[in-house]
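**Student:** Would you mind keeping the following structure in view while I ask a few things?
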Amino acid sequence: MSQTGSRHEGQKPAQCTTHDALNRSRQPPMQSALKKAVGVFAAVLLMSAVAMIAVGSHWHGRLSPYSNFFTGRLGTPIILIVMGVLSFPLAMLLVPGLRRDNYRALYMFAGILSCMIACEIAAAVASFEYRHVIGAAVRSVVVRDLDGCQGTGLEFAQRTLACCGGPNGSHDYRARGLAIPPSCCPRGCQGYGAHRASCDYRLEGLFNRAMIDVGSTAIALLCIRFMGVLLVCWQAHRLATDNALIYTVNQ
């Protein structure tokens with residue numbers, strides 16, 4: 001009788017442990033709150049995608065007509081657009097993974113989003129780095145157009161940006177023995193004269209504003225996305241742990 005009693009007493013800790021494990025796997029509050037937080041992030045991800053596409057499209061459209069002055073430095077708005085477009089199918093990966101408690105899909109989502117964050121960091125760094133070199137690049141292109149009498153790009157810039165000539169304004173035309181073109185004069189060169197601002201100054205200012213907006217948008221949104229990666233990884237880790245616990249209990 002004592003042996004039987006001692007055998008039952010020895011089995012109680014195992015039963016208690018199994019019961020506690022099942023209870024832990026069924027506790028909903030923290031898991032539910034975390035799941036809701038990840039769901040909110042999915043909505044934020046879509047809104048951030050719209051913001052990225054809007055900012056990238058706006059500045060790409062503004063800078064594209066002057067692309068010959070910026071010598072291949074218009075990639076950052078395009079990166080922003082691409083990252084925004086890719087966010088939509090990525091959100092579609094998050095939603096079913098969250099509904100079905102599929103930790104593998106959540107880990108995959110976090111990995112892809114981490115790669116996108118790396119691309120956004122590169123875009124932000126490039127945006128602020130370009131600001132330090134664009135002035136000299138624009139001036140060299142403007143002076144080259146003046147020396148070669150290639151008026152196509154410069155004529156368009158003078159009409160649309162209310163500027164005239166290179167670093168010295170309209171004097172650059174006189175120094176080369178050239179007549180001031182009508183695009184330099186808003187109401188006729190005889191009456192009101194040429195625009196005072198130089199085109200390299202206007203182009204540099206336009207480019208700098210674009211890079212500040214693109215870089216700031218990328219930094220702000222990648223911070224939000226990084227927090228989302230942490231939330232998704234946390235949720236995936238909890239699901240993986242619970243699945244492993246249930247598997248152990250069933251064994």
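Note: Cβ is positioned from N, Cα and C throughout, glycine not excepted.
As the structure is a computational prediction, the values presented were derived from the model and not from experiment.
Sharing the features that TrEMBL gives for it:
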type	residues	note
COMPBIAS	1-11	compositional bias 'Basic and acidic residues'
COMPBIAS	14-26	compositional bias 'Polar residues'
REGION	1-26	region 'Disordered'
TRANSMEM	33-54	transmembrane segment
TRANSMEM	74-94	transmembrane segment
TRANSMEM	106-128	transmembrane segment
TRANSMEM	210-234	transmembrane segment
**Student:** When each of 33-54, 106-128, 210-234 is checked against the transmembrane segment (74-94) for Cβ pairs under 8 Å, which one has the most?
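**Tutor:** Answer is 33-54, with the largest number of Cβ pairs below 8 Å.
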**Student:** Given a Cβ distance threshold of under 8 angstroms, which distant residues of the chain, six or more beyond its ends, lie next to the transmembrane segment (33-54)?
**Tutor:** 80-81, 83-85, 87-88, 90-91, 94-95, 98, 106, 217-218, 221, 224-225, 227-228, 231-232, 234-235, 238
